[in-house]
Amino acid sequence: MLISGSSAALCALALPFAAAKSLWSDSPGNYSSFITTAFPLGNGRLGAMPIGSYDKEIVNLNVDSLWRGGPFESPTYSGGNPNVSKAGALPGIREWIFQNGTGNVSALLGEYPYYGSYQVLANLTIDMGELSDIDGYRRNLDLDSAVYSDHFSTGETYIEREAFCSYPDNVCVYRLSSNSSLPEITFGLENQLTSPAPNVSCHGNSISLYGQTYPVIGMIYNARVTVVVPGSSNTTDLCSSSTVKVPEGEKEVFLVFAADTNYEASNGNSKASFSFKGENPYMKVLQTATNAAKKSYSALKSSHVKDYQGVFNKFTLTLPDPNGSADRPTTELLSSYSQPGDPYVENLLFDYGRYLFISSSRPGSLPPNLQGLWTESYSPAWSGDYHANINLQMNHWAVDQTGLGELTEPLWTYMAETWMPRGAETAELLYGTSEGWVTHDEMNTFGHTAMKDVAQWADYPATNAWMSHHVWDHFDYSQDSAWYRETGYPILKGAAQFWLSQLVKDEYFKDGTLVVNPCNSPEHGPTLTPQTFGCTHYQQLIWELFDHVLQGWTASGDDDTSFKNAITSKFSTLDPGIHIGSWGQIQEWKLDIDVKNDTHRHLSNLYGWYPGYIISSVHGSNKTITDAVETTLYSRGTGVEDSNTGWAKVWRSACWALLNVTDEAYSELSLAIQDNFAENGFDMYSGSPPFQIDANFGLVGAMVQMLIRDSDRSSADASAGKTQDVLLGPAIPAAWGGGSVGGLRLRGGGVVSFSWNDSGVVDSCKADLSARGSDVSQVKFYVAGGRAIDCSS
């Protein structure tokens, strides 16, 4: 990174900089407040949360595929799809809505038996008896290495513990060591379920927990803990009932934890009878644990750290520490955080968001759910499922831009294997089309693609269009044409095919445009009914979906010219979903019926501003439209008024950032941290449990928008070779003065790094554009105020 010498020197003298790379506390977490006090570990598939208790440690354990319900509870499970088609009701629904402006879709609603839920796997217990005279305690989660540690003294004995979850070895590892000798240690696996109760057994130096979520047909799950005592001659018979007991006197003990289920997403199709069932996991888990236990602790840790840092270190953000916060426990910093803010904490949570994504999304895992990977509950809020009218999307907002694009494979596989097969049936049974696929707002891991029973939140077939935005983003940043042809484009094309079949001429305004009918804004009106036509959110999404089909046509390798012609034809008359209403707002519906100061948590009518681009890029220079965006944001409130969610605030922060309104962007960001982030850094839905991870990831996205404006461009601009204008530092607050960023990915390929002065104005930059293809447009960089800046040297 190029930083001008005088600027860097002045910043170093003016403000201290501290690497905000660890969460720490001088006291253990609280078992009764596990989800707000424990520090999380993960390798994509496996999750662990050590509480850090002195002598009776509890580590909460998760495996990402452990769900009850679906075909593991009933052979009649259908993904919510009806037995017979309901599509015959659509013409009448549409006619009524065009005649009256609003209507309902009650004929399309359905029940969702056997939907199921994500659930906790077990607790690992580590009992060292009664310890006294505890002194010098500290626990720490190092974000640089993804290693948890704690240490303390008990009398003359110093005890240190470390834990991590390794992607290369597919296990979590926990180690205890001492300067003299460890007390007797009893290791156990516990699960409180009684119906059906799992079987816990011990053999040699291993504990196995084996269970099923439902009698006979339930999902099989297996967890194994293998204990290793380096240098000891007795490691073959450590069992005591169903626990492993290591005698007093050892200096080092470590264990490996492996787990799996018989869930198999690739069997979620008609060929496999939508069984989602794979092989019994017992032998695989046994082999994984056995292989890992043969390695030394140092070898396991070394491969884990090398793998993790190979991803995490692709991006850096450095903000100042004006308050000397690095010297205070982060649990205190987060508990006492208040506006106007603390750059050290904001930097910490940015790094933490990237850490959490690496820990919950790895090739071969499921994508992060509403709680990422971590739950201590048998029945987490909203089933710990996948909500896709903002939450799943927000989880992936900043992934590609911050160097984590290679970790998105779980999302594409999940969509292709659990949404598309069942979603093709849903398209036919609810919407009368054999073209493409559709799903709705709430999904499990068993292909639940049908509409649930409350229209206000269940009627959301636009999930396929919004998730196609993420398909395009991944291609745009990576420029991986092979991935786009083989994986991304089939998802996007199927969504576009569905919407080609559903667009109808506007018979209310009779303006010749194509609109969606029926629709409603996510979890919002316009009425209690609550369907209407031409919803802004839908129209913007479909406009961008069709635009991406055309923009990526060459890269797709598709020779289906009839499909392309259909897209081109309907794109030309599609209502783009940008209407300015009677009080200067971006209308939420084509009908101008928005209520001023409606502080609903969603910003659905501003999708095209952020994270979309039809407003921000295509019409971003139109002051009438940008004024309407501002009016809408002020009217919508701060996100406190409706449910006080963290995700609503960081969405607002990102929108303000793209308007270059720094004070509002920073205010919303700091408000989210103040109101919603617990002492362990997890985002709490309304400021208290339940935990919902979207704002952890969304905060990263919002901060990226404060750092850079690199909006997507329309297919027309791209084909015309229009220069890609990138604004560095659209909304950097003065509190972050003298900071820097390294490794920001650019659309079309390339990386930019830059630093800024004490006022938040970028004064030095360096770009590496070698990854850009010859057919990608040129990039020009600007700073606040519209001044061009040379990033070439």
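Cβ coordinates come from backbone N, Cα and C, glycine included.
Here Swiss-Prot flags N30 (among others) as N-linked glycosylation site. For N30 (N-linked glycosylation site), other Cβ atoms within 10 Å of its Cβ number 14.
According to DSSP, N100 (N-linked glycosylation site) sits within a helical segment. Look at Swiss-Prot and you will find N100 (among others) tagged as N-linked glycosylation site, backed by sequence analysis.
For N104 (N-linked glycosylation site), the count of additional Cβ atoms within 10 Å of its Cβ stands at 19 [all protein chains shown]. What Swiss-Prot records for N104 (among others) is N-linked glycosylation site.
Per Swiss-Prot, N-linked glycosylation site is recorded for N123 (among others), and the stated evidence type is sequence analysis. Close to N123 (N-linked glycosylation site) in the fold, though at least 6 residues off in sequence, lie I58, V59, N60, L61, L189, E190, N191, each with a CB less than 8 Å from its CB.
In the three-state DSSP classification, N179 (N-linked glycosylation site) falls within coil. Look at Swiss-Prot and you will find N179 (among others) tagged as N-linked glycosylation site, backed by sequence analysis.
Annotated N-linked glycosylation site per Swiss-Prot: N199 (among others), in sequence order. DSSP gives N199 (N-linked glycosylation site) a strand state. Annotation for N199 (N-linked glycosylation site): same-chain Cβ neighbours under 8 Å, separated by at least 6 residues, are S208, L209, Y210, G211.
Here Swiss-Prot flags N234 (among others) as N-linked glycosylation site.
Per Swiss-Prot, the feature N-linked glycosylation site maps to N323 (among others); the stated evidence is sequence analysis. Proximity of N323 (N-linked glycosylation site) to non-local residues of its own chain (separation of 6 or more, Cβ distance below 8 Å) is seen for D342, Y344, given in sequence order.
Residues annotated as N-linked glycosylation site in Swiss-Prot, with sequence analysis given as evidence: N597 (among others). DSSP classifies N597 (N-linked glycosylation site) as coil under the three-state reduction. Taking all protein chains in view, 11 other C-beta atoms sit within 10 angstroms of the C-beta of N597 (N-linked glycosylation site).
Annotation comment: Swiss-Prot describes N622 (among others) as N-linked glycosylation site. Reduced to three states, the DSSP call for N622 (N-linked glycosylation site) is coil.
Swiss-Prot lists N660 (among others) with the feature N-linked glycosylation site, giving sequence analysis as the kind of evidence. Cβ neighbours within 10 Å of N660 (N-linked glycosylation site), excluding its own Cβ and spanning all shown chains: 16.
When other Cβ atoms within 10 Å of the Cβ of N757 (N-linked glycosylation site) are tallied across all protein chains shown, the result is 19. If you look up Swiss-Prot, you'll see N757 (among others) marked as N-linked glycosylation site, on the strength of sequence analysis.
Marked as signal peptide by Swiss-Prot on the basis of sequence analysis: 1-20.
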Euclidean distance between Cα atoms of N597 (N-linked glycosylation site) and N100 (N-linked glycosylation site), Å: 25
Using Cα positions only, nearest of the glycosylation sites to N179 (N-linked glycosylation site) (N30, N104, N597, N622, N660): N30
Candidate nearest N104 (N-linked glycosylation site) in space, where candidates are the glycosylation sites N30, N597, N622, N660, N757 and distance is Cα-Cα: N597
Between N757 (N-linked glycosylation site) and N660 (N-linked glycosylation site), the C-alpha gap once rounded to whole angstrom: 17
Other C-beta atoms that fall within 10 angstroms of the C-beta of N622 (N-linked glycosylation site): 12
Nearest of the glycosylation sites (N30, N597, N660) to N622 (N-linked glycosylation site) - Cα to Cα: N660
Neighbouring C-beta atoms (10 Å sphere around the C-beta of N179 (N-linked glycosylation site)): 11
C-beta crowding around N100 (N-linked glycosylation site), within 10 angstroms: 11
Cα-to-Cα gap, N597 (N-linked glycosylation site) vs N660 (N-linked glycosylation site), nearest whole Å: 22
